[in-house]
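S.K.: The structure follows.
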Amino acid sequence: LVLELSQVVIPTYGTVPDQQNLHTPEWADFDNKPDSLFFSDGQRRIDFVLVYEDESKKMTHKRSDRKKQKRKRQVYESNLINNGLQLEATRSVLDEKLIFIKVHAPWEVLCTYAEVMHIKLPLQPDDLKTRDSSFNWFSSLFRVDENIIKPEQEFFTAPFEQEHLSNFYIQDKDTFFNPATRSRIVHFILSRVTYATKNNVKKFGINKLLDSGIYKAAFPLHDSGFSHPSTDPDCPSERYLLYKEWAHPKNIFKLQPLDFIRKYYGEKIGIYFAWLGFYTNMLFVAAVVGVGCFLYGCLTKDNCTWSQEVCDPNIGGNIIMCPQCDKVCTYWNLTITCESSKKLCIFDSFGTLVFAVFMGIWVTLFLEFWKRRQAELEYEWDTVEFLEQEEQIRPEYEAQCTHVVMNEITQQEEHVPYTACGKCIRMTFCTSAVFFWIILIIASVVGVIVYRLSVFLVFSATLPQHVNGTQAIRKYLTPQTATSITASIISFLVIMILNIIYEKVAIIITDFELPRTQTEYENSLTTKMFLFQFVNYYSSCFYIAFFKGKFVGYPGKPVYWLGKYRNEECDPGGCLLELTTQLAIIVGGKAIWNNIQEVLLPWVKNLIGRYCTAARSEKIVPRWEHDYHLQPIGKLGLFYEYLEMVIQFGFVTLFVASFPLAPLLALINNMLEIRLDAWKMTTQYRRMVPQKAQDIGAWQPIMQGIAILAVVTNAMIIAFTSDMIPRLVYYWSFSVPPYGNHSTYTMKGYINNTLSVFNISDFKNESKPFPPWLGKQTTCRQVYRDFRYPPGHQHQYEHNIYYWHVLAAKLAFIIVMEHVIYFVKFIISYAIPDVSQKTKSKIKREKYLTQKLLHENDLKVVKKTMGKIADKIFKGVDGPFRPKEE
């Protein structure tokens, strides 16, 4: 494509050697029309704006450097004019050093590049009848008022071809190419025009000029202010309508005007908001079911037999628990955990199992229905057969092209930045750096674990630990609770700090890796960032869910971390409540942190900018200067928005068995996120260059991977983190003979049966509590359910038969739950086609019309011409060869 452009579309591709041959932009003064989107003649529309600082007034560079920069800029602008673009220069109203270059693409240039870029344009209005859904009356309550934002007329489209110009639906040449398409075409040209040649290597593209500081900004214009419509009666004021009907907080419960968003910002922005809106709508179902399971737990917690036994002074009050740390910890009553056991009954209930199974099916429905919705958008937004253009080389890659190699395909020499050995060294270094940072994250998790172990000793010694303690604070602030909450907060702070640092490190690593194109750059950065974020955000949750309290030994023989710190133990009810606390703090804290950061940072930067120009605010400022003082969107665009939502998607699915309110928190956050992102784009950022996008890219397979992993993690949380399986085993096997003493199945006696007994005299000297136990009891109970034989048994302190029954039941549960959910997921995936029948019909109809209009019309011309020739040949000849008259 670049070769084609250099030979056909861009005949003057390269630098102009003679200064006198350079074409320069027209100069025009500002006409005091602040909302004007046209050149000074009022006829030519501004499709793009370039901003540079007058080199003669720069004081930060050497004179020779300023002359080189000026030369490159002049050559670049001359080549733009040679390629058919029209330029007009205007000096800034507020800062005389700034000069704005307004760019206009004439009709001929738009047609030429629309064909080169395979842009699909209207052939004729869509004539397929659509059946109104029975839910239309309901959804209309949440739609944007069609009198304010009129629905876009649907067309059948085809790739533009100039030779078939008459077949396209052209009512007005000025509106045939909408502003977003015009900006995309102009940006395509800006990215491929040269400005210099060095060592036979052409330097081209606006991105390189921006990076080198020759230009300060390049952007398409917003069509109006966001707070008021344009004073130009012919301007549609689409930005104002988007703010009023989409970005304003009052629209939080309204559906998004996706076609209007796509029309203004392009398909890439449109597909992001379509995905985010669809995800948020699906979360509503998950949130309702999650709240239902939570309420079920709240209503049934008073019937929780094992919690009642913990709180019963005659049962839990007579159970003395072993110390949870060496020497400084003392014995304590089981009733101390009464309040936490009641809370645990809310989350560790039958509703949790139902919700975990439901979420395994929900995530499949979400992904499959999103594929259908995505297919509809692909057709409606003309990206079904979207062809990726030949992507330009990144300027950073191009600058390092010093090695010459032979291209195996073209058999021609080409410049590359490194040899095969050099590429191998770079990849090795980058991979090692990524693994080093992952190890650093794991080290931070270990540090938090050590904090837990060490601070637990402090809380155990500080908080009242008397067996008969009746202080009110002891009901709610146990050493375990205090340790869990403080450790979760510290873990959250460590996560956010490492996140900020690693974002910069990941960019440095990817820059050193030197990907060839921007797509390769984003894919490489996506892989690194998601891998890091996955370990950073989820490692502490995985530790609590699957490692904490699992390898602790027993009081006479505890397991130590680093030979010094005694391993952590869970509460008598397990670690589920602590995992719930961790998730609530991280999910809630992350949502608040991100939203404050996204709103405050651009707002403060723009506020400072407005304050700096307040003294000159009495002047009338043109639209292009208003937009220049807004914030740039950044090279990575929507990368961080997708990353934030996919990390949240992981929290909602991976650990939802321990926190059924996670979908509700995500729903509330996303309803705000949609409006905040819309507010940022319409009020705080320059207009993005419209880009095509067929789908959400690499994030789709990432979510599919998370969905598969979520089934395993939730099954293991229920099996190993919650207390559900031990309770079920006790109810069905050990509450009745031959193992139990009850005549019917019951949960009575569960606490006494599952807390293992330990003889106080078997404590080793290094772990014996001080002061020693002065009561009459000679035994204490283990905090966690380890199911060991009591002292005096021939296999004392070894695992009993209950342990092996429970372990077998846990493994069987994981296998059954996984296979059932995976089977249902497979059936759903098979039953729901990726493309609906209605969309398939529209695609076939469009292909038929394209063939009919673009090709059959040519055949008609040929037949008509051949018919005239045949008439002349057979004129006057009678017989079977004369053409039959119709």
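Quick reminder: no glycine exception, Cβ is built from N, Cα and C everywhere.
Curation does not apply to TrEMBL; its annotations are automatic.
Residues or ranges marked as domain 'Anoctamin dimerisation' in TrEMBL: 38-258. As annotated by TrEMBL, domain 'Anoctamin transmembrane' applies to 261-846. Residues or ranges marked as transmembrane segment by TrEMBL: 272-297, 350-370, 434-461, 481-502, 529-547, 645-668, 696-720, 811-832.
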S.K.: Would you kindly check 272-297, 434-461, 481-502, 696-720, 811-832 and say which stretch has the most C-beta pairs under 8 angstroms to the transmembrane segment (645-668)?
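M.R.: The stretch with the most contacts is 272-297.
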S.K.: Who are the chain neighbours of the transmembrane segment (350-370) in space, where the CB to CB distance is under 8 Å and they lie at least 6 residues beyond its ends?
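M.R.: Beyond its ends, the transmembrane segment (350-370) has Cβ neighbours at 275, 278-279, 282, 285-286, 289-290, 292-294, 296-297, 652-653, 656-658, 660, 663, 700, 703-704, 707, 710-711, 714-715, 717-718, 722, 724, 817, 820-821, 824-825, 828-829, 832, 834.
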S.K.: Can you work out whether the transmembrane segment (434-461) touches the transmembrane segment (529-547), with the criterion being 3+ CB pairs under 8 Å where the paired residues are 6 or more apart along the chain?
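M.R.: Yes, since the transmembrane segment (434-461) and the transmembrane segment (529-547) share at least 3 Cβ pairs closer than 8 Å, they count as touching.
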S.K.: Can you name the far-off residues of the same chain, 6+ from the ends of the transmembrane segment (481-502), with a Cβ under 8 Å from a Cβ of it?
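M.R.: Non-local partners: 340, 437, 440-441, 444-445, 447-448, 451-452, 455-456, 459, 463, 529, 532-533, 536-537, 540, 578, 581-582, 585-586, 589-590, 593.
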S.K.: Let me know the model's mean pLDDT on the domain 'Anoctamin dimerisation' (38-258).
M.R.: 85
